[in-house]
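In what follows, a structure is listed as structure tokens, so that the remarks can point back to it.
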Amino acid sequence: MECCRRATPGTPLLFLAFLLLSSRTARSEEDRDGLWDAWGPWSECSRTCGGGASYSLRRCLSSKSCEGRNIRYRTCSNVDCPPEAGDFRAQQCSAHNDVKHHGQFYEWLPVSNDPDNPCSLKCQAKGTALVVELAPKVLDGTRCYTESLDMCISGLCQIVGCDHQLGSTVEEDNCGVCNGDGSTCRLVRGQYKSQLSATKLDDTVVAIPYGSRHIRLVLKGPDHLYLETKTLQGVKSESSLSSTGTFLVDNSSVDFQKFPDKEILRMAGPLTADFIVKIRNAGPADSTVQFIFYQPIIHQWRETDFFPCSATCGGGYQLTSAECYDLRSNRVVADQYCHYYPENIKPKPKLQECNLDPCPASDGYKQIMPYDLYHPLPRWEATPWTACSSSCGGGIQSRAVSCVEEDIQGHVTSVEEWKCMYTPKMPIVQPCNIFDCPKWLAQEWSPCTVTCGQGLRYRVVLCIDHRGMHTGGCSPKTKPHIKEECIIPTPCYKPKEKLPVEAKLPWYKQAQELEEGAVVSEEPS
């Protein structure tokens, strides 16, 4: 090194001192941990699956203490364990089953999610209320909490992100995508009210598809929930939920709680099969079920490669398109499946020029015109709209829209639709005559034609259009009647004749003669 060379006669002592000082400063800045030995190899992982921890050590080379830590950790074996492997904390509890506690053997079950000390091994004796701390520290790699990736290392809970890195705060979105934006799934929530009867003993509450997450259902009422499943291979099964507990249904964990007046069903997911939640009649009263879950968007748009160039020379164009892709079956399906999800936005086609080399010409040279003049882009062309299907009340009219291409001579020919997909296709159907149809408008009734008893009354009925103008076109079958009978409550009667108080003899005689000599008609006159 420069600082170690011998000073030649004439080398200034001040310059030599500067070299020594600068060398020491460079060493301290270059390696702050110069007093440490190199890090040793990584240890074997504490677990073979499910996420464990591995450590590496280093030795302090100084006689004094060294700054920093002599151990470092990293995660390892970040692959899911098979369902039959069981819970890691439960394995550690069960390891004490053959060890007597106060002179007695117990079957130990894990106590999880201890808020005070999540990294101690607390276990509960099965069938009792006895909870014991069987070890001050759980094994490295044990989850601090059941619903978290944070893990216990050397008795301390360490933050672990969804990227499986210690100290990382990156989290999964509701769709299960690490550091995602939630665009690959959709929230589904709703309520079901049972309408069961003696003839209808069960019914479907909701179908929850494969891959769904964060499922929660709450039933309130006397009825009971049960599950039907169907795997991707088409295998069907049924699971009766008769008691509280955590069950494995088609490799999906199901947490079920049963109360006298309600039932709660939870599944963290992702589901490994299609689940159909059903309800079974168990009482005369109706039940309600509230549900919420995140459903994966299993059909997504996928951009295609560029199509072949529209020309072999002289300048052409090529476009990309988008196809609907089924993430479950890994195959292309009809576009309608992707249109089902409002969150799915079909990517716009990309356009690029291609084959710009000049075409060979007989005279040895040829002027290449600008791309958009030499080879105009295809365009959408539409026929006139058809007549409206209805004269009023809303109808539809249609037209044909095709992709056409025009050459330099002005000849227009039809081409494949994908060539025009760089711009939106014009609509082929539109509403028309959306105004209301003419309808009958009845005026007020006239007074009754009589002042007592039964008579008639009349009114004017007009056909009015949507502008309020008198017009034709109303259906005669629906025309309101223009006359009807009417009754005046005042009674109609004829006043009775009154006999004289005292009849004179001649008048009386004359009345008798009239009675004997003539038949009097009883018809009024």
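Glycine is no exception: its Cβ is also placed from the backbone N, Cα and C atoms.
What TrEMBL says about a protein is an automatic prediction, not a curated fact.
Reviewing Cys49, Cys60, Cys66, Cys76, the cysteine that TrEMBL connects to Cys45 via a disulfide bond turns out to be Cys76. Between Cys49 and the candidates Cys60, Cys66, Cys81, TrEMBL records a disulfide bond only with Cys81. Cys81 (disulfide bond) has Cys45 as its nearest neighbour among the disulfide-bonded residues Cys45, Cys60, Cys66, going by CA to CA distance. In the predicted model, the domain 'ADAMTS/ADAMTS-like cysteine-rich' (103-185) has a mean pLDDT of 88. Note: the CA-CA distance between Cys60 (disulfide bond) and Cys45 (disulfide bond) rounds to 24 Å.
DSSP states for the domain 'ADAMTS/ADAMTS-like Spacer 1' (189-296), grouped as helix (H, G, I), strand (E, B) and coil, give 0 helix, 66 strand, 42 coil. Separating the Cα atoms of Cys45 (disulfide bond) and Cys66 (disulfide bond) is a whole-number distance of 27 Å.
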